[in-house]
Amino acid sequence: MHEYDLLVVGSANADLVIGLDRRPGPGETVLGSDLEIHPGGKGANQAAAAARLGARTTLLARVGDDAYGRMLAEAQRDAGAALAGLLVGPTDTPGTVGKDGIRTPKNTGDADGVEGKDAPTGVALITVDAAGDNSIVVSPGANARLTPDDVAAAEALFEAAAVVSLQLEIPLETVAAAARAAARHGARVVLNPSPPARLPEDVLALCDPLVLNEHEARLLLSDGHTLGDAPEEWATALLALGPRSVVVTLGAEGALAAGPGIGPEQTDGVGMVRIASPRVTAVDTTGAGDAFTGALGWRLGRGDGLEDAVRYAVRVGAFAVTRPGAQESYPRAADIDNSTAEGTAG
């Protein structure tokens with residue numbers, strides 16, 4: 001039996017959020033709401049979402065030795081995630097684990113040879129409009145210093161995990177190293193290519209599933225593909241790139257799962273199915289996709305099939321948009337159990 005249902009390797013950011021009626025055009029200034037600061041980052045969000053649902057979860061990420069980094073560590077602890085993989089400070093030797101469970105590297109110099117050089121915790125600048133839709137700009141900070149060496153030093157975490165979940169807010173070479181480490185230890189790889197980037201063929205081949213929204217799907221398929229408006233077309237084209245399975249998230253419409261053994265009708269053993277979302281009133285979509293992916297990773301880690309895992313994750317994502325913020329909006333398992341199946345959430 002694995003020690004962890006889910007190991008998330010990815011980003012940890014402080015989310016700086018401002019609400020506004022409409023976004024400004026070029027050269028324009030608009031007034032917004034009071035600034036709110038929340039724990040975020042795709043990696044940290046996924047880990048928190050899974051842990052709040054009851055998953056045995058840990059996060060491999062890097063934060064700065066600053067107030068935002070401490071806020072993020074506390075948020076992971078409050079969600080119930082283990083802190084075994086959370087790195088604080090400059091990139092160098094593994095260092096020591098403190099009483100709080102956080103690993104602080106020795107300050108012996110950075111990867112570029114600058115003695116003691118540090119990077120601040122990553123920051124995401126988020127605007128949320130009146131419809132609850134968000135736009136995000138990320139300053140990576142310490143996330144950009146999570147390296148393949150950090151992955152190698154955390155080999156025991158990969159050995160202990162049933163599923164490894166990845167995103168692209170950390171260096172691509174680190175993502176690739178993590179996917180390959182997961183494969184060495186027989187862990188299932190869940191990968192969300194956000195922000196979109198071209199993935200090495202061997203990494204794509206490990207994705208089971210590749211999880212992405214319409215925007216990410218279109219960008220990933222922008223070379224040599226003429227796509228219509230049907231998600232089924234996108235899924236077929238995405239499967240041709242090499243992942244073992246694909247999940248396309250469709251916002252308020254739910255999600256589409258495609259791969260071997262999926263759905264009632266299959267061609268050469270491969271099928272697909274659309275899964276509707278519960279009806280909800282969206283307040284803030286920030287982090288809802290991460291809640292979906294975290295829930296998906298957990299259910300796969302505990303042994304659910306892909307279709308069942310997506311059905312559960314759709315309900316978790318729908319619940320998350322009914323509350324403001326990212327991690328603060330994520331449900332506990334009881335919230336999902338108490339909501340009407342496939343009907344309403346929140």
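A Cβ is built for glycine as well, from the same backbone N, Cα and C atoms used for every other residue.
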Additional site residue, ASP284, ASP290, ASP304 [criterion: listed by TrEMBL with ASN13, ALA14, ASP15, GLY41, LYS42, GLY43, ALA44, ASN45, GLU169 for substrate]:
ASP290
Among all protein chains shown, how many Cβ atoms are found within 10 Å of the Cβ of THR286 (K(+) binding site), not counting that one?
27
Using Cα positions only, nearest of the recorded positions to GLY254 (ATP binding site) (ASN13, THR286, ASP290):
ASP290
Provide, as an integer number of angstrom, the distance between the C-alpha atoms of ASN213 (ATP binding site) and ASP290 (active site, proton acceptor).
11
List the binding-site residues among ASN13, ASP15, ALA44 whose C-alpha is within 10 Å of the C-alpha of GLY325 (K(+) binding site), in sequence order, or say none.
ASP15
Greatest C-beta neighbour count within 10 angstroms, which of the recorded positions ASP15, ASP290:
ASP290
